[in-house]
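First comes the structure, then the notes that go with it.
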Amino acid sequence: MPWGRRPTWLLLAFLLVFLKISILSVTAWQTGNCQPGPLERSERSGTCAGPAPFLVFSQGKSISRIDPDGTNHQQLVVDAGISADMDIHYKKERLYWVDVERQVLLRVFLNGTGLEKVCNVERKVSGLAIDWIDDEVLWVDQQNGVITVTDMTGKNSRVLLSSLKHPSNIAVDPIERLMFWSSEVTGSLHRAHLKGVDVKTLLETGGISVLTLDVLDKRLFWVQDSGEGSHAYIHSCDYEGGSVRLIRHQARHSLSSMAFFGDRIFYSVLKSKAIWIANKHTGKDTVRINLHPSFVTPGKLMVVHPRAQPRTEDAAKDPDPELLKQRGRPCRFGLCERDPKSHSSACAEGYTLSRDRKYCEDVNECATQNHGCTLGCENTPGSYHCTCPTGFVLLPDGKQCHELVSCPGNVSKCSHGCVLTSDGPRCICPAGSVLGRDGKTCTGCSSPDNGGCSQICLPLRPGSWECDCFPGYDLQSDRKSCAASGPQPLLLFANSQDIRHMHFDGTDYKVLLSRQMGMVFALDYDPVESKIYFAQTALKWIERANMDGSQRERLITEGVDTLEGLALDWIGRRIYWTDSGKSVVGGSDLSGKHHRIIIQERISRPRGIAVHPRARRLFWTDVGMSPRIESASLQGSDRVLIASSNLLEPSGITIDYLTDTLYWCDTKRSVIEMANLDGSKRRRLIQNDVGHPFSLAVFEDHLWVSDWAIPSVIRVNKRTGQNRVRLQGSMLKPSSLVVVHPLAKPGADPCLYRNGGCEHICQESLGTARCLCREGFVKAWDGKMCLPQDYPILSGENADLSKEVTSLSNSTQAEVPDDDGTESSTLVAEIMVSGMNYEDDCGPGGCGSHARCVSDGETAECQCLKGFARDGNLCSDIDECVLARSDCPSTSSRCINTEGGYVCRCSEGYEGDGISCFDIDECQRGAHNCGENAACTNTEGGYNCTCAGRPSSPGLSCPDSTAPSLLGEDGHHLDRNSYPGCPSSYDGYCLNGGVCMHIESLDSYTCNCVIGYSGDRCQTRDLRWWELRHAGYGQKHDIMVVAVCMVALVLLLVLGMWGTYYYRTRKQLSNPPKNPCDEPSGSVSSSGPNSSSGAAVASCPQPWFVVLEKHQDPKNGSLPADGTNGAVVDAGLSPSLQLGSVHLTSWRQKPHIDGMGTGQSCWIPPSSDRGPQEIEGNSHLPSYRPVGPEKLHSLQSANGSCHERAPDLPRQTEPVQ
């Protein structure tokens, strides 16, 4: 072949292979992904239409239905008798069962209506099956050994097979035209054609109790007793009896029923009183649905879904109504339906076939007597509606108009309004709504129930409407509820000592993060980078990690205390938190570098927090002295009080971003409330049904609440509070509920982070990244990379593409190895159905909040959770720190006990992850206070400073060293981020001035951070260097402050003493105390002139004497003279004043001076401590000087006439003031 033609052939081969793979991919998608497991919501993919599956099961004498997620639980038949077996016909929406007590075959519609008898049956019926293609019912008569078949009405019954040995447990596959049954006596499995021919024995085994088919995998499953009487195992084989396999399951004891659908197995266990769901290949991913009443074991179990009963006939024989509606466009306004008898098109109701029989045209119903309307009729395409003039109202029958006369006092308690008619009060509804079944409440687009629509209600005509959904949501089969398209949502939550997630139906229940968690009560999810942000309450920091638990990174380690709430702004790219220890609301960018306080005034104990990025507002709860719910802008301004009345401890808070509705829970009142974002239209949603609520989350039609009273997660309808379902499973304290789904946080753009993973072009579409390629390229198989158009498609890695898209149901069922023993593989979610009291196999009340009930179907016991030990009948926390069971290094950390675990807090000089502690290299990080030019040497838990080979004191500089310069040859500063040791691709790798270096021994790159920063990329601000650097200055400053304080204190003491002395002196002068020498008699014995002074001194304190001084009189020339011992006496006395005229009185009396006399004498008064002071302050004497007894002789020598005598005064005189 010429080389020029080869590109043409290559292109043709490329197109053929591409077409083949595309067809294979589509087929695999339709046969694989469109084979939804019972918990796979196929409508989310947008490609597989169909209703969600539900379960039908017998329980005692009743038959009920329930969704796999535990919702919509209701009884279809109250009294079904003793049912031997049952089956359904999905297309005809019928349920058939045998009442062996009444010996009849009965049927009812799947909604529980239309109960009727089909035919009589034998008493020993042991199995029932329905051929949904030929519309026939088959049952097994074990006593007579026959298999009987009849039509759906029971009129044409006939024996299909006879002479069988105790047949039981029949199952059919109408597509393959085969039926299967078992024999109890021989323990064998048999097969035959549905016509009753080609009977074949497949296997001979023992103890077959349950038999069922997986029509999608074309395999036969049965339960076989082990022979030991306590265990039963699930076996399977193909339709030929080959490829027998044993299926491993966690609970496989005494199975009473089982059913398969997709990759799931549904089964019930005797004495377990529950329905179990698990992966049919591995037995893992288990969910338990506890039923109500819980004391009756479920019997027969079936999955109701169109793919559980697939059909093969063509559209002409059995047309698909949905397909015909899509093909009915040539009928113009009407939707055409195919008449199976005439094979001609018939118009839908409200339309008629045109005369040329080519299209459908509208019928004008109002043209014929207003079609029953009393006062007015309006025609609409395909229908009509009655109208009323002003002043009249349309009655609930939709045809009669009545004059608007209001009822007095609304006696009928109508939800909207009441009109008085001749027949009495009648409730009326606004335009667009109709009266409900109770005759009082209204439903419709103008009513509070929004017409039953979960999102959008579209009025069609008065009394008629239809539901629609927001972009990204799909309308479900009930034509009312909406479900998010895309991946199945995950519920992410903190569990005190770990972080977990599960699907809404309890599947995929796993632990994401468990190591070194301490205590976690606050977390949130970033849909842009797909990361989890969470707060470590015990270790007092904020971390983030990937959704798979990898790449944990500490963001904020300083400035936070008791973190209880966390919220992420996925549009503004910031995080916010509540800190009850510091009584603040804080915020930061996602790197944790720039964090600040948002709210710190008028706030007590903030707990829950939520952010509305589009409204640019924060909402938080406060559980302090004045409980309240508040709102503010993202900067902390414009604070608004949302609610403050009827609150005790408002804890969790969340926002419904589709309806702008605020939800919060009150822990102490056990109440869930809702309101608008401004606090208006506040109403109570749930009360006393949620135990101890802590946090909330809302998505689709559901509101999720975490309960600490019974550690679990509760789901209710977000508008009504009904359909309560409780999910639990080895939980401790579930909190911070977060829904992970692209639509859970509207407006998120994953293309902002690493281009959404796309190589070329990224387009955001409903929260997901859509990758496109530039011209000349095509997308690779991963949907993200782009390849040239001429890239060889038949490469080795793409040759096995068919294996990658093969349906899971077609994979082999080899024996699955045992569990790996990890905690994530043993988690079992348990669904508690609404309306039932909490009870499990371990008895009423369960095992408490710190234990779980473990049942094997026969027996049950309580097992304490990890970190707890049995203490009597309860499980108590193990204090690993006190019992020395922790792994905390004693030399570098301190153990802190937490509920169910512990954490290690590193000592100064170390850092760690909550378990291990590592030495900090202060020298490399620059977190030291060695003086300028001094050398720093790292040590374990610290560092040393040296200066030219000798130790240097911290903070001092070395004089002979020169600091390395950061200047280049041109005199400019070097760029630290372009260090020669790193390639250009690392430009910008080191942050905050860090220098990138290449370590040859490790062949890796690292950052040398400047002083004040630390971390792998110098991303963490570290202020410890400042404290260390200024420690010496701080000590000097402290000494100086102490010295100044001491001096000031001494001065204050001196001033105090002087003030005290001055005050006491003044007080003594004004109020003299009593003389202790005064006797009560008042007499003082006097001595004669010859008495010595020693006698007087012996009886009283030393006396005081006064010598008068006369001022010098220049005229008389008198001059003072000194006496002995310094005493001063008058050498010359004035004629007008003689010495004898002065009497020295007692200290209580004023000095007394007589006139001149011949008898000169001196009186020595009793001594007193205040004698001289009293005399000194007396103004009667011109001058004086106090002297002691030693100077008395000197005085007497100068005045020889002086002698002692007692005073004889008529009265006492008060001291001179």
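Heads up, the Cβ atoms here are built off N, Cα and C, so glycines get one too.
Taken straight from Swiss-Prot:
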- 93-134: repeat 'LDL-receptor class B 1' (REPEAT)
- Asn111: N-linked glycosylation site (CARBOHYD)
- 327-361: domain 'EGF-like 1' (DOMAIN)
- 362-402: domain 'EGF-like 2' (DOMAIN)
- 403-443: domain 'EGF-like 3' (DOMAIN)
- Asn410: N-linked glycosylation site (CARBOHYD)
- 441-483: domain 'EGF-like 4' (DOMAIN)
- 747-787: domain 'EGF-like 5' (DOMAIN)
- Asn810: N-linked glycosylation site (CARBOHYD)
- 838-876: domain 'EGF-like 6' (DOMAIN)
- 877-918: domain 'EGF-like 7' (DOMAIN)
- 919-959: domain 'EGF-like 8' (DOMAIN)
- Asn944: N-linked glycosylation site (CARBOHYD)
- 978-1019: domain 'EGF-like 9' (DOMAIN)
- 1080-1096: compositional bias 'Low complexity' (COMPBIAS)
Other C-beta atoms that fall within 10 angstroms of the C-beta of Asn111 (N-linked glycosylation site):
11
For Asn944 (N-linked glycosylation site) and Asn111 (N-linked glycosylation site), the CA-to-CA distance in whole Å is 82
What stretch, picked from 362-402, 747-787, 877-918, has the most CB pairs under 8 A with the domain 'EGF-like 4' (441-483)?
362-402
What number of additional C-beta atoms lies within 10 angstroms of the C-beta atom of Asn944 (N-linked glycosylation site)?
16
Beyond the flanks of the domain 'EGF-like 7' (877-918) by 6 or more, those residues with Cβ under 8 Å of it:
496-497, 515-519, 536, 538-539, 552, 732-733, 850, 865-869, 941-942
Contact set, same chain, for the domain 'EGF-like 2' (362-402): CB under 8 Å, 6 or more residues outside the stretch
333-334, 348-352, 419, 421, 426-429, 434-435, 439, 460-464
DSSP tally for the domain 'EGF-like 4' (441-483), helix/strand/coil in that order, comes to 3 helix, 19 strand, 21 coil
With DSSP helix as H/G/I and strand as E/B, how many residues of the domain 'EGF-like 2' (362-402) fall in helix, strand and coil?
7 helix, 14 strand, 20 coil
Looking at the domain 'EGF-like 3' (403-443) alone, can you tell me the average pLDDT?
77
Sort the residues of the domain 'EGF-like 5' (747-787) into helix, strand and coil with DSSP and give the three counts.
7 helix, 15 strand, 19 coil
Translate the DSSP assignment of Asn944 (N-linked glycosylation site) into the three-state scheme.
strand
Which residue counts does DSSP give the domain 'EGF-like 7' (877-918) for helix, strand and coil?
0 helix, 18 strand, 24 coil
